[in-house]
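*Asks:* Let me begin by handing over the structure; questions about it come next.
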Amino acid sequence: HNTMATLMRVFICLVVFFSLCISLSNHMTEKLYTQVSLESSGLDSSDSNQNHGVHGVFLEQRQSNTDLEYDFYREMCPNAEMIVRATMNQIFSQHKNAPAQLLRLLFHDCFIEGCDASVLLDDSNGNANHTIEKQAIPNQTLKGFNFIDKIKEELENMCPGVVSCADILVLATRDGVLLAGGPFYPLLTGRRDNTQSFFDRAMAEIPRPDGNITETLRLFALRGFNERETVALLGGHNIGKIGCEFIKPRLDNFLGTGQPDPNISSDFRNEMRLNCQDSNSSANVGAPLPVRSRSMRGSTMGMSYYQGLSSSMSSGSAFDTHYYESLLRGRGLLYADQQLMANKKTAELVTEYALGGGKTFRIDFSRTMVKMSSLGVLTGSQGQVRLNCSIPVSST
């Protein structure tokens, strides 16, 4: 263990050393980021419309968050983003599911009071319930906290008390998406960490896996997302697995009816049952709980949207359009996902992404991820920079 830790630090030091040899102005680096974004999306930077689609991300971030900056840590911790990237590479080499876990963790953070790392906080008063976002039912199956802690540890070794947990979460997620085969998208930094966590809002405002399309669109619209952005962001379900605790209610107790979801074909329902025969999991002992009870625990089993697309595909890793193709075939794993086909506008967008070869989806996903990563951020003298991502810095 000590040897691995030493090798990791040597690796990071080498990354830091070589990065010090690179001196680019903010303008030149910004152009490079735009080019990388286009290339990772399979686009040609000579196309002015596509170029604007990615390069406009910088303008949108600057206009909506004047206190966020490009390369915010260039003086206080100039290699912060390099350290995040190097540590994520190490994490991904051992945990291929890390990008999906971080993507969900970021979504649950940003959707409640903005991207302020409030979802990372532990309870500090010894209360078992109803005080922090982690305790809210929709967040009890979140994973990836240990990855953020690892990155924070490496940054604290290099630059103590400088890089916020909120910035670590958005940067690590971005780098994880890239490692999973998704697009690279540019991010401004300078977020600060909240000292509070918001249990009640997390309980009420995280979109439900059994939510209908009207409710899903309403919750996204409250945060400024239109239909296209909502459909693009949900495309993040194309990596990772959907836990059986979210799938089983559709098979046995759909919306508390005691019956299967009538919209699932018998063949697909049988495939879902086969993949969720988790008899040893405490989540599946006894009668299934209706999802609307918001009482669930994480299972170790699940299904990917590759399996949703075809029963002959047990796994897959490409960041592509198979999520949307699954919905076109009526094989959505979550009711809320399949509900995208119940609305004319969102169904048209699903079809566009499914049949568009992936370029449009990757551009739209990039833009929407940047927008989500900038929701409700704390900057300047607001909030704080935590030394430990699960514990606020004491004011005394």
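Note that Cβ sites are derived from N, Cα and C of the backbone, with glycine treated the same way.
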*Asks:* Looking at the disulfide bonds in TrEMBL, identify which of CYS13, CYS21, CYS159, CYS165 pairs up with CYS77.
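*Replies:* Within the candidate set CYS13, CYS21, CYS159, CYS165, TrEMBL assigns the bond with CYS77 to CYS159.
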*Asks:* Taking TrEMBL as the reference, CYS389 is linked by a disulphide to which residue in CYS165, CYS244, CYS276?
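*Replies:* That would be CYS165, the partner TrEMBL lists for CYS389.
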*Asks:* In sequence order, what residues of the same chain, 6+ apart, have a Cβ less than 8 Å from the Cβ of CYS115 (disulfide bond)?
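*Replies:* The answer is LEU106, ASP109, ALA166, LEU169, VAL170, ARG191, MET372, SER373, SER374, LEU375, GLY376, VAL377.
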*Asks:* Residues other than ASP109, GLY114, ASP116, SER118, GLU133 within 8 Å, Cβ to Cβ centroid, of the Ca(2+) 1 site?
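*Replies:* Apart from ASP109, GLY114, ASP116, SER118, GLU133, the close residues are CYS110, ILE112, GLU113, CYS115, ALA117, VAL119, ALA166, ASN194, SER197, PHE198, GLY376.
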*Asks:* Please identify, from the disulfide-bonded residues CYS159, CYS165, CYS276, the residue with the sparsest Cβ neighbourhood, meaning fewest other Cβ atoms within 10 angstroms.
*Replies:* CYS159
